[in-house]
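So that you can see what the record holds, here are the features copied from TrEMBL:
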- 12-30: transmembrane segment (TRANSMEM)
- 612-637: transmembrane segment (TRANSMEM)
- 613-878: domain 'G-protein coupled receptors family 3 profile' (DOMAIN)
- 649-671: transmembrane segment (TRANSMEM)
- 683-707: transmembrane segment (TRANSMEM)
- 728-748: transmembrane segment (TRANSMEM)
- 768-796: transmembrane segment (TRANSMEM)
- 808-828: transmembrane segment (TRANSMEM)
- 840-863: transmembrane segment (TRANSMEM)
Amino acid sequence: MAVMGANLNTFSLLYVYLMLLLFSSTFFTSESSSLFSTCKLRRQFYLNGMHKPGDVILGGLFEVHYTSVFPELTFTSEPNQLSCRGFDPPGFRHAMTMAFAIDEINKNSNLLPNVTLGYSLYDNCATLVIGFSAALSLASGREEQFLFQETCLGTPPILGIVGDSFSTFSIATSDVIGLFRLPIVSYFATCSCLSDRQRFPSFFRTIPSDAFQVRAMIQILKRFGWTWAGLLVSDDDYGLHVSRSFQSDLAQSGGGCLAYTEILPWGDNPAELRRIVNVMKKSTARVVIVFAHQIHMIQLMEEVVRQNVTGLQWMASEAWTAAAVLQTPHLMPYLGGTLGIAIRRGEIPGLRDFLSGIRPDFHDNNNNGNSLFWEYTFQCRFAPAPAGWIEAGGALCTGDEDLENVETEFLDVSNLRPEYNIYKAVYALAYALDDMLLCEPGRGPFSGHSCATLKTLEPWQLMYYLEKVNFTTPFGDQVSFDGNGDALPIYDIMNWLWLPDGRTKVQNVGVVKKSPFKGEELTLHEDKIFWNFDSKQPPRSACSESCPPGTRMARKKGEPVCCFDCVPCSEGMFSNETDSMECISCPEDFWSSPQRDHCVPKKTEFLSYHEPLGICLTVTSLLGTFICAVVLGIFIYHRSTPMVRANNSELSFLLLVSLKLCFLCSLLFIGRPRLWTCQLRHAAFGISFVLCVSCILVKTMVVLAVFKASKPGGGASLKWFGAVQQRGTVLVLTSVQAAICIAWLVSSSPAPHKNTQYHNDKIVYECVIGSTIGFAVLLGYIGLLAVLSFLLAFLARNLPDNFNEAKLITFSMLIFCAVWVAFVPAYISSPGKYADAVEVFAILASSFGLLEALFGPKCYIILLRPERNTKKAIMGRGTSKT
């Protein structure tokens with residue numbers, strides 16, 4: 001729970017110890033002058049307490065009063081001048097819960113059957129000095145003089161203490177009492193610092209530490225996606241430890257950031273509270289977490305109401321989750337819907353009957369607590385008033401008043417939370433003592449396998465068994481302690497419900513606990529939670545809105561990690577999650593979608609049969625092939641006519657076949673490149689065109705030979721251009737190109753390639769030529785033959801024939817060379833599929849040029865001017881000259 005009082009700093013410690021010196025220490029002195037050895041207290045503290053005798057005494061420290069009046073700090077002051085004020089019925093119920101647990105254990109024949117437990121319960125008056133004094137009194141005894149052995153040794157006055165209720169008190173008490181290894185089991189001190197086993201070796205608690213409470217809060221924040229919250233803490237050990245723990249744990253968990261951390265002041269400080277509320281008002285954080293005491297929240301809410309700060313989602317620590325004083329119609333418009341961590345509620349059967357049966361005992365001077373409770377409840381007083389307690393005033397108490405006829409929260413056992421922890425603490429000590437007494441001599445855990453006994457018991461021996469306690473309460477909760485003295489943590493999650501009729505209700509909406517096997521678990525019934533917003537939904541609380549898929553978070557300079565900008569992913573990268581820290585590169589064959597939230601296959605590009613350009617080139621290629629076939633059919637059909645016979649029909653047929661191959665090889669450049677098409681396309685193209693140009697070259701040479709043979713003495717030249725020589729020449733010239741292609745394919749073969757240099761979002765499928773030299777030699781050889789054919793035909797263009805084929809060859813070679821000269825720069829500058837289209841266009845253009853120039857006039861005469869398809873007509877001009 002929250003730490004009451006001033007900070008446990010150097011000044012407060014010095015103050016405590018100075019007060020203790022003034023009120024006397026509790027050290028023993030041995031009186032040798034007596035006939036028998038006794039031990040004597042130097043000075044006795046005057047404390048409010050309740051006592052019950054027993055074989056074993058357990059101590060308890062409770063807040064029965066919530067304030068005290070200090071004497072003037074002088075060296076003449078008497079320690080009995082301290083007075084406690086402000087009776088606290090819940091605090092008295094806490095003390096009575098311990099009395100009930102001890103009474104229940106004494107009636108249990110299975111637990112400590114031969115031992116009767118007693119108790120010494122003291123009121124700490126919510127004051128550190130009084131609580132410290134009470135702890136020392138419990139450790140040393142309350143009798144001023146009592147008989148011990150000669151060495152002042154014997155069973156200590158108490159074997160364990162249940163308390164204290166506040167962390168600061170527990171820190172101060174455990175620092176001193178821990179030196180004697182006297183077990184202290186707190187039911188309400190939550191400071192995580194008390195888990196330090198080196199400093200507090202005998203401290204145990206049945207309430208979870210703030211470290212677990214902080215982690216529970218962080219789990220709730222993550223559950224609702226609240227990454228931006230404010231933190232308010234009290235100015236004491238409780239708040240300052242929580243502040244450090246919250247910031248470190250939140251950073252480690254990655255669950256969010258703190259927009260601000262403010263320390264709530266003690267006492268009346270309107271200016272500081274006004275500043276803190278202004279910070280809350282200006283912040284974009286809609287969630288406010290408060291680890292502070294009830295008094296802090298009362299002061300804070302006064303300023304919140306004054307400034308009318310609404311629209312906040314409050315999260316309460318266990319210190320004020322169940323504070324009824326805050327659950328008023330005046331504050332519920334602001335605090336409605338609060339989510340809080342609360343101490344585990346338990347059921348303690350028979351407790352109410354025990355409480356309702358309390359009566360003042362006029363014959364027992366130790367029953368001061370019952371008497372004061374009676375005076376407070378019935379507004380009466382006993383005569384004379386018990387020493388050390390403030391007079392209640394009013395009528396005299398008779399002791400016969402009926403508790404059932406008066407309205408008091410003392411009998412309210414519907415929400416037992418601290419009481420449940422007290423109940424578990426008492427039973428933990430009882431089970432530890434029971435385990436100790438069950439020890440078999442010779443099998444004990446101590447030196448020489450010895451066991452502890454009640455007569456020789458030392459506190460550290462009980463602490464050994466307390467560390468190993470493991471039992472289950474009637475409510476079904478397991479109780480055991482870890483290596484730090486902390487019990488298995490469990491908290492209820494509460495929600496402040498504002499009912500339509502104006503009433504308020506704190507309802508349980510979940511639980512957070514830690515089990516030995518499953519770790520920390522959060523169970524939350526979201527459908528039961530009341531949200532104090534118009535939307536009736538949990539609020540959004542974030543420094544920056546979540547980054548959607550397709551973007552990444554970029555931190556804002558100088559601000560917490562929760563404050564960021566959403567930067568779209570670059571091209572080729574994606575993010576498919578909300579609040580991605582980084583964008584991920586798409587695989588090689590994929591590209592980011594327009595939204596950058598996933599990858600899509602890259603578009604592929606190649607000269608396809610399905611696109612208009614590919615379709616046009618395919619149709620043109622097939623048309624050229626068809627025309628070649630038609631011309632070949634015409635020539636075969638009219639093979640006996642002078643026009644066909646005069647033009648070397650065998651070479652003409654071979655030329656038409658080669659042209660057909662030229663048209664067909666262009667189809668290899670269309671479609672998705674494959675390894676075989678890449679290797680075959682250039683080889684087929686090169687060999688087809690060399691075959692075609694070789695036929696033209698041989699025809700030209702034959703024309704020149706025939707003309708030379710027609711002159712006197714030139715007949716011998718024809719023997720070199722017979723049919724066999726013509727075929728051999730064509731074969732040799734073509735074989736050279738075939739050898740070039742084979743060498744190219746073997747040394748550096750063309751291959752398909754996925755090119756992404758042209759477009760990042762496209763894959764351009766193309767054939768890399770492999771060897772530029774091989775491609776250049778292939779084209780150069782074709783060009784050499786074409787130029788040679790052109791020169792020979794040009795020389796023979798004026799030969800005396802009516803139909804001189806040399807002119808047609810000259811014209812066809814001129815077209816052929818022009819097309820391929822233009823092809824080279826166009827091919828080099830065209831990317832991707834357009835390079836293939838340029839090459840196909842050059843193949844088709846040159847092929848059509850050759851087909852048209854060489855065979856167009858001949859087909860015209862054969863089909864349309866058959867009268868000119870005679871030997872006389874063909875040789876007409878030559879005959880007339882003769």
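Glycine too: its Cβ is placed from the backbone N, Cα and C atoms.
Please treat TrEMBL annotations as automatic predictions, because they have not gone through curation.
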So, taking each listed stretch (649-671, 683-707, 808-828, 840-863) in turn and counting its Cβ pairs to the transmembrane segment (768-796) that are under 8 angstroms, which one gives the highest count?
683-707
How about long-range neighbours of the transmembrane segment (683-707): same chain, 6 or more residues beyond its ends, C-beta under 8 Å?
647-648, 651-652, 654-655, 658-659, 661-662, 665-666, 668, 717-718, 720-721, 726, 729-730, 733-734, 736-738, 740-741, 744-745, 778-779, 781-782, 785-786, 788-789, 792-793, 795-796, 799, 804-806, 809, 812-813, 816, 839, 843, 846-847, 850, 854
Can we call the transmembrane segment (649-671) and the transmembrane segment (808-828) in contact, meaning three or more C-beta pairs below 8 angstroms at a sequence separation of 6+?
no
The transmembrane segment (808-828): which same-chain residues, six or more beyond its ends, come within Cβ distance under 8 Å?
693, 696, 699-700, 703, 779, 782-783, 786-787, 789-790, 793-794, 796-797, 835, 838-839, 842, 845-846, 849-850, 852-854, 857
